[in-house]
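A short worksheet on the structure shown next.
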């Protein structure tokens, strides 16, 4: 599982223990162990979901092995994995029309890189390669596992906070030491607020990992421009095909793993030259409030980031 994840889970359990002790000491609620046990149960459920999630994702997204004529995808991923110092992940194709790709995995199921049928239809091979390199970057950085571990903190805060608020509203704890109901509500509300803050931190971390994956793609392919073009085409496809947005909305399980957030609205013509589209999107204004709650950076920022990166690696050639 890795030392990082074990440390995060250990920290999660310590936080739960300290929270239970503090509540018992300062509110007199002898039943705070219930919240602690509920949170441990939530931890167990999340871990089980993580271990078996690849099988669920494969079913929900109707994945299959590449067909004859699609073997080049496997070859590309194997080459990208070797360049990244990784064991090649399993490559599958999702029978979805929305153009996207995602990486996922667990110790039980192994690592996967999935591309949708819509992506293969939309992008030329060099841009598909750039997208695949982005997903391999997520596997290289263990992003799925680390994001999941970080997400346990707001889950714990929300669960304990909600339990305490309702315990206070219903009259406090039981036993010989009856706690102060208002203190329970106050502590619970503080935990709920802390959970919201932690969730924003997790979203920020997820956006940061997207930049790292973009950088990985640019470095291993030597072509930041290919990824820029791919991002622009995917965004334009969502904007001008509402049914793709609806398909993405109905299959949100892996939306945090997508290369592009599928529910973003942009103004772009699918008939315009892709390089012109890239330049237009770089100039898009961003909404800081929307970005705060998003799991992906705005496309304009990603394109400008790749510009800055290209100026540093301009001498790298395509493989």
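Backbone N, Cα and C atoms are what each Cβ position is placed from, and that goes for glycine too.
According to DSSP, residue 135 (active site) is assigned to a helical segment. In this view, residue 135 (active site) is surrounded by 29 other Cβ atoms within 10 Å of its Cβ, with every protein chain counted. The active site annotation in Swiss-Prot covers 135, and the record cites sequence analysis as its basis.
Residues annotated as Zn(2+) binding site in Swiss-Prot: 134, 138, 210.
According to Swiss-Prot, the transmembrane segment annotation covers 3-23 (among others).
The transmembrane segment annotation in Swiss-Prot covers 32-52 (among others) and rests on sequence analysis.
Annotation source Swiss-Prot lists transmembrane segment at 146-166 (among others).
Among the features that Swiss-Prot reports, transmembrane segment is placed at 182-202 (among others), with the record citing sequence analysis.
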Just checking, which of 134, 138 (binding-site residues) has the fewest C-beta atoms within 10 Å of its C-beta?
138
Excluding near sequence neighbours, so keeping only residues 6 or more apart in the same chain, what lies with its CB under 8 A of residue 210 (Zn(2+) binding site)?
296, 297, 302
